[in-house]
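S.K.: Per TrEMBL, the feature repeat 'PPR' maps to 160-194, 266-296, 297-331, 401-435.
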Amino acid sequence: MRRRPGRAIVAAPGGFLHLSLLASLRRRPSLQAHAQLLLLGLPLPPAAASRLLRPHLRAGHPLASLRLFLRMIRDHQASPTSATASREQETVPNSHSLSAALAACSRHESPFPGFCIHAFLLKSGFTYDIFAANSLLHFYASFGLHSLARNLFDEMPLRDTVSFNTLIDSYVQSGCIDSAFGMFRNMVKGGFQLDGWTITALLGACAELRDLMVAKAAHGFARRASRQKLFNSEEVVIGIVDMYVKCGAVQLARKVFDLSEEKAKNVRVWSVVLSGYARAGEMDEAQRLFNEMPNKDLVAWTVLIGGYVQAGRYNEALQLFEEMEATGLEADEVTVVTVLSACVQRGAIDLAKRLHCLVNQNGLISKNARVATSFVHIYAKHGCIKTAMDVFHGVADELKTVELFNSMIHGLSHNGYGEKAISLFDEMESLGLYPDGTTFVGVLCACSRSCLVMQGYKMFNSMLDKYGVKPDIKHYGCMVDLLGRAGRIDDAYSFIQNMPFKANHVIWSSLLTACKIHGNNKIRKLVENQILALDTTYKPEKLTLSGLFSDKKRKEVAARVRKAIRHKSEQRHTR
């Protein structure tokens, strides 16, 4: 028996399919239903669009959410007449849709859309809606516009705990700790109820102060002011532990951790205590705690690896990284940078190359200047200038940073590519990046090693006049080295005499080396007297002659000098 074909459902406004999709949006707003409406060309009433703002936002599409809000405002009619609209009697926009739109604005690259919605709030009278006003407060706080946020807060006719929490947290995140405490005092005086967010923000402010006495007082206040269930929550426990760790009281942090309920001991709390031991250099205790962790995530591994690097135990750091890889965890930006710092110290160029291949697969280097800087540094240190330059040029111009340029300029300088380093300095300026003191140390070293005296003087004189960078003793030392290498010993000595501060042992030793190389005995004696005044144990004959031949062209001479010194020492001992 054949089945009789049924009639097709007509996709028309107000039809069965249209009403079914709108009903599904009322029950459970979803992007799938929205997509079906768009594909069928069916209209989306403003009230239904309002319910789709949050799903778009949760899906990571704030711009789509904002566009939908603007369309909703445009299509809204005060007196709906159609059959479809009669079923959508919700007020549009309402406080929830405005809150979602402001949340989208807070993730926008510019605060301008939020300013427009603020104007809409003023015009439509929603400033008296505390839910919408709190969302607007959060928008201003997310952009760090504290003065505007505070003005809005002061003008709000109604405030609640969320209003205070938003402003306090924004002050803490921006480092305005005094303002955060002042707002907290006003909250307590006003009799507002404290919740978990309030306590967490207070603990965060105390952590930034790094004052142990204040931290202990905040701990006691939090215990008295909050319920036992709230005090033992994960967020409050991690706030207390983090506060004590940042105040350098790792033992107190461990005590709080040990006394906390098991349900509050998530992996974040374990990692914070672990970081406390790592910061204090107590790596054996950190390792024991790490071994006890029931679940080890990437953060915990990275914290322990970083602790070993900080303690100078590079071999253990690299071994730990290999153990982490064996578990199947994939290194992120922080892990890569941490491991690379150990590679630099141990000269583990092979591991650095393997990491390079690993991060190239996900394009992390080209997207992250910090990771690229670490690779440039280690490749340049090992003389792999071409590879370092490939890494440098692999980063898009808009993502390049001063630190990345500094690392590449120093690498070129120390490997004898002075003119390329200066060319890179010009490229840095063309991108609108301003050089700092470290940049000029690299450029002046490049001029020194390539004997570019006039270029060096030009760079040195432009520091303060053009770029506002005040030269320090390192920059003066580079200029002395430049003049000394070029054989202008008298100019170098005169330059030292006119320095705004006294020359140190390094500068005088640099000039002494130049005097030895160029045979200027007159200045040499004056320099030795200066060194003797700084170091009474100095004796001219103790100067290591092989140290005068540091350039590549003089390696053979340096080797012969070292051999002669060793031979003379052996003869003295056999007598």
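Just so it is clear, glycine is given a Cβ too, placed from its N, Cα and C backbone atoms.
TrEMBL annotations: computationally assigned, not manually curated.
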S.K.: Run through the repeat 'PPR' (266-296) and tell me, per DSSP, how many residues are helix, strand and coil.
M.R.: 23 helix, 0 strand, 8 coil
S.K.: For the repeat 'PPR' (297-331), DSSP counts of helix, strand and coil?
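M.R.: Its residues divide into 26 helix, 0 strand, 9 coil.
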S.K.: Give, as a single whole number between 0 and 100, the mean pLDDT over the repeat 'PPR' (160-194).
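M.R.: Mean model confidence (pLDDT) across the repeat 'PPR' (160-194) is 88.
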